[in-house]
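The Zn(2+) 1 binding site feature in Swiss-Prot is assigned to CYS37, CYS40, CYS57, CYS60; the stated evidence is similarity to another entry. Taken from Swiss-Prot, the feature Zn(2+) 2 binding site covers CYS52, HIS54, CYS72, CYS75. The feature Zn(2+) 3 binding site is assigned by Swiss-Prot to CYS100, CYS103, HIS115, CYS119. Residues or ranges marked as N-myristoyl glycine by Swiss-Prot on the basis of similarity to another entry: GLY2. Residues or ranges marked as region 'Disordered' by Swiss-Prot: 1-27. The region 'Required for interaction with ubiquitin and for autoubiquitination' annotation in Swiss-Prot covers 210-224 and is backed by similarity to another entry.
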Amino acid sequence: MGSVLSSDSGKSAPPSATPRALERRGDPELPVTSFDCAVCLEVLHQPVRTRCGHVFCRSCIATSLKNNKWTCPYCRAYLPSEGVPATDVAKRMKSEYKNCAECDTLVCLGEMRAHIRTCQKYIDKYGPLQELGETAARCVCPFCQRELDEDSLLDHCITHHRSERRPVFCPLCRLIPDENPSSFSGSLIRHLQVSHTLFYDDFIDFNIIEEALIRRVLDRSLLEYVNQSNAT
């Protein structure tokens, strides 16, 4: 991985880092077990893993890619997209706790960004926390031509266009350089869920997924045993 979850995480942050990040820039190397984003140097928020294996906040990597011609801010590898949800990291953050560096309150890492938004000591020292790229990209719904934030498109389609079967182009694919905005007939919602929903942990119960995987392995083992028994 290439946030501070990477073993080579001692590189400095880009100029867009937050005030607190600028203060930390002299640190020799952040630990491998840290859950800090290598762009803003705050605790990861909605972590995303890029194709080159690095992990960043979703808003940080989105802004960085648009400002740096679609290259990884850490290793400069070309990235065709923001990446995929780092669900393993998000899951670990829900069970890890850390004291706020300013007020010393013990906070779950998954809630740390929400905490420092209201932490008066943090605000007094650095000002209100500003996420990179807080203004979401805009797109047009291909069914009704309504202008929406990209984050709102999926919910909008599920609410208003679930029964639509007209072939349409994906408006989010059009925002990505070199991406082919394929035409979808009756499956745009599924495409958005698979390709453009970065926070599966908001919609999926990890325990259910783990149980399903265990059942699948057991079923496969039983099937192999039966096949071997029949063969003999």
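Numbers here mean position along the shown chain, with the first residue as 1.
Cβ from N, Cα, C; glycine included.
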Coarse DSSP state, helix versus strand versus coil, of HIS115 (Zn(2+) 3 binding site): helix
Neighbours of CYS100, CYS103, HIS115, CYS119 excl. site residues, C-beta within 8 Å of centre, Zn(2+) 3: ALA101, GLU102, ASP104, THR105, VAL107, MET112, ILE116, THR118, LYS121, TYR122
Binding-site residues compared (CYS57, CYS72, CYS75, CYS103) - highest count of Cβ atoms within 10 Å: CYS57
Helix, strand or coil at CYS57 (Zn(2+) 1 binding site) [DSSP, three-state]: strand
Binding-site residues: HIS54, HIS115 - member with fewest neighbouring CB atoms within 10 Å: HIS115
Inter-residue Cα distance where the pair is CYS119 (Zn(2+) 3 binding site) and CYS72 (Zn(2+) 2 binding site), in Å: 31
Nonlocal neighbours by CB distance (under 8 Å) for CYS119 (Zn(2+) 3 binding site), same chain, sequence gap 6 or more: CYS100, GLU102, CYS103, THR105
Candidate nearest HIS54 (Zn(2+) 2 binding site) in space, where candidates are the binding-site residues CYS37, CYS40, CYS60, HIS115 and distance is Cα-Cα: CYS37
CYS60 (Zn(2+) 1 binding site): tally of other CB atoms within 10 A of its CB: 31
For the region 'Required for interaction with ubiquitin and for autoubiquitination' (210-224), mean pLDDT (0 to 100): 66
Packing count at CYS52 (Zn(2+) 2 binding site) (other Cβ atoms within 10 Å of its Cβ): 16
Sparsest-packed of the listed binding-site residues (CYS40, CYS100) - C-beta count within 10 angstroms: CYS100
